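One structure is given here, and the rest of the page talks about it.
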Amino acid sequence: MYCLLKLAPLFLALAVCHGWLFDNFVEKQTELDEIALWPLPQKFQSSDAAFKLSHASFQIVHSKQSSAGPSCSLLENAFRRYFEYIFGDMKKHEKSRKKMYDSDLAELQVWITSADPECDGYPSLRTDESYELSVDQPSAVLKAANVWGALRGLETFSQLVYEDDYGVNNINKTEISDFPRFAHRGILLDSSRHFLPLKVILANLGAYHPFTHVYTPSDVKMVIEFARMRGIRVIPEFDTPGHTQSWGNGMKDLLTPCYSGSSPSGSFGPVNPILNSSYDFMTQFFKEISTVFPDAYIHLGGDEVDFSCWKSNPDVQKFMAEQGFGTDYSKLESFYIQKLLDIVASTNKGYMVWQEVFDNGVKLNADTVVEVWMGNKMEEELQNVTGAGFTTILSAPWYLDYISYGQDWQRYYKVEPLNFPGFEGTDAQKKLVIGGEACLWGEYVDATNLSPRLWPRASAVAERLWSDKNVTDVGKAYTRLVQHRCRMVKRGIPAEPLFVGHCRQEYKGL
């Protein structure tokens, strides 16, 4: 099976820059740090006025007007996490100083304005992630409707902090108003081709834990909770009827026996669509899945079904004739998918599917999300799917498992989701494109190379899906992304370099 982690913010907890590429970079530090935010906020204004931050006296606190308070564990944990991100190694340096310096900026006040701060909730497709950030003396103020916007603002605040020549943390007077351009901003991790240890999955969310080669219910619960604390949605993909060889090891008679001539060959193909027992199992399985994963959606796959095994099986051939399908095995696939969709709909979950399900004419619920992944017919597919009124996610331009020499992040960065040549969609159609995903399939990826292959290349997709559509300057993006990559390195993420150069603090995991 595929484990599909939809990380709603590709704006993952990765911040605080301590990386310089050029000898004279420190002289330009104030200017460059002002524009080193990633992704770039919608509205941003900063001045040369700089304020010092001291570990000994600076605080992140709840505003008196805020509907959230110390009982909001999500924010309390975030306050501690971002305090550590901001100061990190500074704490031990400050202890060694003969004279401690005072903070010009006393605190960051976090003000949640809605009556329900959603401290115990989960982020969703309709989550309001907007925030406003004002940095001025004596207090900075982060204002958001709920905890999810506050998490985004905390990340931005941490990225504004920089270290001067004397090792003192500074932040410039700043005003920011920000919100994501697209609601769905995801990363797909493939845990079927190679087992991804829990430690690696959590590391990409910002945490660590011991691991085994089985995802237990408690493991899944842990991933979901770690994700929730960071404002990240977790959507599982259980792909059927194809890509299911591993399923057969756990459920007898679930897969179709393949034939060689008139005799079974001993191999097995996709899920057997002609047996009632297959659907009984799927009913039981997805009923359990719907209680384990809190998100409103489950991804049902439906892509790349190999028909050769079905074609070889005499029982399947007989069933095809009885149903009047002739020799069109895509109709058999649609027969299976239709039953599966009805099963999942009965659990009150919405579903996402790959584009083949739509292409094969399966009757879909109005709220179905269709994921467009085939690059050779992307424009046509966008036109057809949105023209039929379905919500769409785009992943075709952002398959990160494809590796090429050079700075391929630029290719991902230059994609404009609503302006592909040949996609002549109306404004109503374009509104149905709710975002996209960076996909990292696992044929050649496991725990040893997942993080460096993912980051910072996925960051290019992050900015494309968050920032304003006019933020397209690759040269300026490179300057910021070099620093953003150094932020990741400082936080222990082995993000690969964009080009020649170095970070002030190199990766300590070697």
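Positions of Cβ are set from backbone N, Cα and C atoms, glycine also.
Automatic, uncurated: that is what TrEMBL annotation is.
Per TrEMBL, the feature active site, proton donor maps to Glu304. The annotation disulfide bond is assigned in TrEMBL to Cys72-Cys119, Cys258-Cys309, Cys486-Cys503. Marked as domain 'Beta-hexosaminidase eukaryotic type N-terminal' by TrEMBL: 37-160. Feature annotation from TrEMBL assigns domain 'Glycoside hydrolase family 20 catalytic' to 202-468. Residues or ranges marked as signal peptide in TrEMBL: 1-19.
Cα of Cys486 (disulfide bond) to Cα of Cys119 (disulfide bond): a distance of 31 Å. Separation of the C-alpha atoms of Cys119 (disulfide bond) and Cys503 (disulfide bond): 36 Å, rounded to the nearest whole number. Annotation for Glu304 (active site, proton donor): spatial neighbours Gly242, His243, Glu356, criterion Cβ-Cβ under 8 Å with sequence separation of six or more. Comparing C-alpha positions, Cys72 (disulfide bond) sits nearest to Cys503 among the disulfide-bonded residues Cys258, Cys309, Cys503. Taken through DSSP, the domain 'Beta-hexosaminidase eukaryotic type N-terminal' (37-160) splits into 36 helix, 32 strand, 56 coil. Looking only at the disulfide-bonded residues Cys72, Cys119, the densest Cβ neighbourhood within 10 Å occurs at Cys72. The most densely surrounded of the disulfide-bonded residues Cys258, Cys309, Cys486, Cys503, judged by C-beta neighbours within 10 angstroms, is Cys486. Mean pLDDT, taken over the domain 'Glycoside hydrolase family 20 catalytic' (202-468), works out to 91 on the 0 to 100 scale. Cα spacing between Cys258 (disulfide bond) and Cys503 (disulfide bond): 55 Å, rounded to the nearest whole number. Recorded residues Cys309 (disulfide bond) and Cys503 (disulfide bond) have their alpha carbons 53 Å apart, per Cα-Cα distance.
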